[in-house]
Every structure is written in structure tokens, then in C-alpha cells.
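Working notes, structure below.
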Amino acid sequence: MSKVRVYQLAKELGVSSKELIIKLKDLSIEVGNHMSTLNDDDANLLIELFTEDNKEVNSDSNQESKVNTDDKLDKIDKPNKIENAPSEENPKKNKKSKKKQKNKKKGPTMKDEKGLIEENTDEQILEIGESIILKDLTHMLDKTPTEVITKLIGLGMMVTINQEIDFDTAAMVASEYGVELKQAGVMDDSDVVDDLIIPEDDEKDLMSRPPVVTVMGHVDHGKTSLLDAIRKTKVTAKEAGGITQHIGASEIQINDKKIVFLDTPGHEAFTSMRARGAKVTDIAILVVAADDGVMPQTIEAINHAKAAEVPIIVAINKIDKPGANQDRVKQELSDHGILIEAWGGDVIAVPVSAIEGTNINELLEMILLVSEVEEFKANPNRQAIGVVIEAKLDKGKGTVATVLIQNGTLHVGDSVVVGSTYGRIRAMTNHVGEKLREATPSTAVEITGLSDVPEAGNQLVVVADDKMARNTAEKRAHKAKVAQQKITQRVSLDDLYNQMQQGEIKELNIIVKADVQGSVQAVKQSLEKLSNDKVSLRTIHGGVGAITESDVMLAAASNAIITGFNVRPTSTATAISKKEKVDIRTYRIIYNAIEDIEAAMVGMLDPEFKEVDLGKAEVRAAFKVPGAGVVAGSYITEGKILRSASIRLVRDGIVVHEGAIGSLRRFKDDVKEVNTGYECGIGIDKFNDVKEGDIIEAYTMEEIKR
């Protein structure tokens, strides 16, 4: 036999992967997990050992039936005999129980693996997941629901037959009946996919696949123009006219080889998708304008690519423009850890002109070169696995999703699971609108036939049939619902010490935003000096300007804290941070941040006040009023402005002033508050430098009881 995975051999022998791994360790055969491979000698040795064990068990139990050469059937049947053994007291009840267990075995193997049954006939040990439905527990224990519920009431718990109980409660109930429960390892969706639906590939089945490329860079540095030049089309112009089929990805051919370009914004390919565990990008093209150099979004793109551990190719664009200085770009890139090959580094740089079409072929050849070095491979002769790039609800087609096939081949008619949705592929079209019957690895296709709209980053998996697809999706939906009810465990300063003590935090990632570059560097250096033997502090991104949506998504993907100095988060960033539970801290003085983090690391953080946002007003005009100074004619865009509130004046994302309201008027009347959608005049106490377009934020400081 050829090399075999641990889980495959375990299935053949009729034992659990965990049991087989323990046996391997007893034999001094080192394996990492259930996906590890075994050579022929080790596999044959195990088969012999387990065959001998089976013969001993069979002779001890004096079974009259002839031993079948396929020992795994005996091993599978034995747990069922115990599980379904008829009780003399109530034979009818067990007949029903037997039927239910039979029905259960017809469902996907997933249920047995995660939540239900794995029995040891000798030791009476049952194995369950982190929780179990009470009805399933009664079947396992071979007891009536009334009997088990009565036991739980005696333990002070009121539960119903369909209620989920945790492992500790289930173990307590089982012990009342002399049965021991073991907790199985909790599997995530990827484990389910690898172990139960689709086996891992053999090295000999893998073939080269086209690379998937994302183009990133600062605004106006020529990302879209470069893609236009690469695809030899004016995509922007055509999309405006509604001609081009936009599915979020496109393909080009060069030297009879294919390259796939993702059209999604570069940062999204690295943040929102990476936060969901999906890696879609193989190579990142970093576009830098030769006349402009490295800019804030360029640095952001570098940090995203580094965090995702993706190879970078630099495209120095606009070399045809006056003032283009390639050496300056290379110098600035080296300052941010990107060392070009010509300067002794390992990052490829290609000078290009998207408008003139200069060196476009050279750039594509470099992509193919990196692809050859990285050896991107997939197995086209297996069930497909892919990832969702975009998804929407179309009035005519229903749910439409753009999927990048990462492994295997997807066919029209395949039953699929996509996150917590499912369906059968009704139709597939490529980036030019052609209908396809099948899609191979690194092909982007638009599919229809899903039950609901999936999220970008969800994994698509082909399964055996519609029933398995539906059951798997429903199970994932239930799991997601349970997870939603729990508070997402993000790192925050308030509980940093506790997480350090429990060993949950080994590295604290920090994103620093400030009003000037000097502050960013000073803060990064000061914070990184705070590292100790329990936790190391690492600044994964630093930039100038307001805290943006992109910063929050990077923090969510990297489990980081955001610290801001003299800057504020945008409205969108604030909303997303609440949803993703990302901790944002803003300061006026650098040392306050250092003291806070230092105090949190030694368990001394005890904040007395919390800032509560009340509302925002946009300054539409500024008037000089005799005796009152400058009054800001404002429109309330969010919440409300209170006369007694503290305020800060924000200009272009930078905090210009913090203070109190001197006057608040509607027409000629003094008022205590003004709500959303109304205009008013706001006088800021002892401050007159108000300009049109400024944002006035009102807030109060609320005491926190700990």
C-alpha cells in the first residue's frame, strides 16, 4: 500500500484517530496529528497488532460466528451492541431507541465525530463534544427523558428535552448512572472538511496551478490603470457603461500560462477574509508611483501583506512622468523593511508605466517566476474546495456568488456547503460571461443555486449529496448562533493581565495612529520596550491620520489593540470596532498610553471613567458675534449635543481642541440640547478658530464601577 494518513488507517481499523495516535506513540512512532502520513512498514505493523487484538477479543468472548477477514466490521458493530442492547425491563422502549440510533447512523459522519457517540465496550466510556442535546444524552445512557430530567432537577437544573447542556453537566448526570464521559477535541469547520468530507491530497496527485494576485497601493498611484494595461482593456470605462461582466476576479494568459487577478480592494483580500481564516492571495503587487514615493496607504499595504505572509512584487509605476525618481522609492521602501533585489534584498521590483504600457510583460513574467519558486499546487482530480470572493442577491438569478476554486474541480450539479449555506450548482460563468460545465483550481466563477447569501471569505466544499450539504450547513448555522451568543474573546487592556496569567496572550499586537510621523515612531519605540518574559509587544502597523475602517479590520484579523494620539476614529471605524469588538484607545499624551499598557501588564489597570459619545455636529458656517466670539453654525449629524457636555473639535481626523460649550442656541433661544437633524449655533468656550467642515464631537465622562 502507498503512504496512508492516520485518520484513513483509523477508519480501516475501526478505531478513533486519537486511539491510533496513542498506539503510535507507544511504539515510538512520532506523528503530529490525524493528518500525518505513515509509511508502509508502520501501517502494516499497526494492522498486524490490531488484527491480533481483535482475535484475542473474539476468542475471549467465545463468539461462535466465524471471524471475518475484515476486522473493522466487528469493531464498528460492538459499540452498537452496547448502545442498543435491549433491556429486559422495557423491551419496547429499547426497540424505539434502536430505531433512532439506526436513523442517526444514516446522517453525516460529522455528528458522530463531534457531538454524539464513540464507545469503548470494555470500560463503558462515552465520548461527546463540548455540549450535547439532552435527548441525545438519554439515548446514549439508555434512559428515559423523564428519568434524566428528574436527575437534573435534583441537581438544581430546570431543562427541557431539546435543550443543550454543557460537558460538565452531562458528565455529572452520566456519573449518576455509573458511566464515564470523555470530552472529544472540538473541531472547527476546516477539521470537518479535512477529516470527514474530503481526504487530504497525496503529493503525487498535485499539479501546478495558476497564481492568484492582488494589486495594492496608495490611492491614485495607478492600481486600476495597471490592471487595465495588464488585461489590455479599459475596465473602468466599460464598467461605467455596464458592459463588462464584473465578478470580482479576472484571468489573463501569458506564455500559455494563466494568472488570476482579484478585483476586490487589496486590503479586503487581506483583512476581512483573513479574519475569517481564508487565504486567497498568493502574490501581492505593491504599486508605488515613482513621482510620489511611499505614502500612508503604501505602508498599510506592506503591513497587510507581511501579516498575511504573502510574497511581494513592487511595481514602480509612472516612470514616464517628470519628477519620477526610482531610487527615492527604493530608499523609502527599504525604510519600511522592503529591500529590493538590486539593493541586496529578495524583493523583485519592476519599473512600469501603465499609461505607456512599458514593462507590463516583464511584470507578468516576474509573477510567473515567483509562482514557480513558490510552487503553487493543487489536485484537479478531487472534489472542489473554494472560497467566496463576492456574493449578492440578484432579482433574476437569486443568490449569486463569485467563488475562487482553490483545489479540485467544481462541476455543474455538484452539492455544496458554503459556510452555513448550501445548495446545488445550477450554473457557472467565468469573468467574460461564458457558461462553464466545470471549473479547475485557480479559476474564478460566478455560481447560482445557493440557499442564502454567503459571506466573503466563506469556504465552499463539495459534498456527497444534498442531504449531507443541508445537514452540514444547519449544523454550522447552529454553531454560529451559539458562538454569537458568547462574547468574542478579543484582547483588550481591561483584561490583558488575566489573559496573560492564563497563558492566552503570548504576544500583544498594537496598531499606532498619530497626527504626525514623529509621534508614531516615538510611540512604537516606547511600547516595544515594555515587552517582558510573559508577553512581547509588537507594533504591526503605524500611520498618520484618523483611525480608519482598514485599521480596525487589520486589528480584527491580527487580534490587535489600536492606540491613537491626537486622532479620532471615523464613524465607520467606530461602528465596525463595536461589531468586531476591537479595543480602540485614544490619548492626548504619549506617556498616558505607555502607563496604561504598563499598568495593564502588571494587573493594576483600574480606569475610573469611561468616555460616552453623545453626538456629532458638522460646522456649516462660522460667524463672529460681538461679545460672544466665533459661533459655529452647525448641523447635528448623529445623536445630540448637550449644553453641559464636553466637546472636541476635529479637523481632517485630527483633534484641534478639547474643551466645553460656551453657548448653545436654536435661532435666538438658549437651549439645553439639540437633536439629530436640527441646526444650531455652538459657541466653544475660550476658542475661536472654528472653520467650515470641522466636526464637533460631544461626550461625557461616565464613572465605571468595578
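Each Cβ is built from the backbone N, Cα and C atoms, and glycine gets one as well.
From the options 202-206, 242-246, 407-411, 502-506, the stretch Swiss-Prot describes as region 'G2' is 242-246.
Per Swiss-Prot, the range carrying the annotation region 'G3' out of 263-266, 395-398 is 263-266. For Ile319 (GTP binding site), the Cβ neighbour count at a 10 Å cut-off comes to 20, with all displayed protein chains included. With a cut-off of 8 Å between Cβ atoms, the residues of this chain six or more beyond the region 'G1' (217-224) that come close are 235-236, 266, 286-289, 292, 295-298, 301, 317-318, 354-355. Neighbour counts were taken at the CB atom with a 10 A radius for the binding-site residues Gly217, Asp220; the maximum falls on Gly217. Annotation note: Ile319 (GTP binding site) sits in a coil segment as assigned by DSSP.
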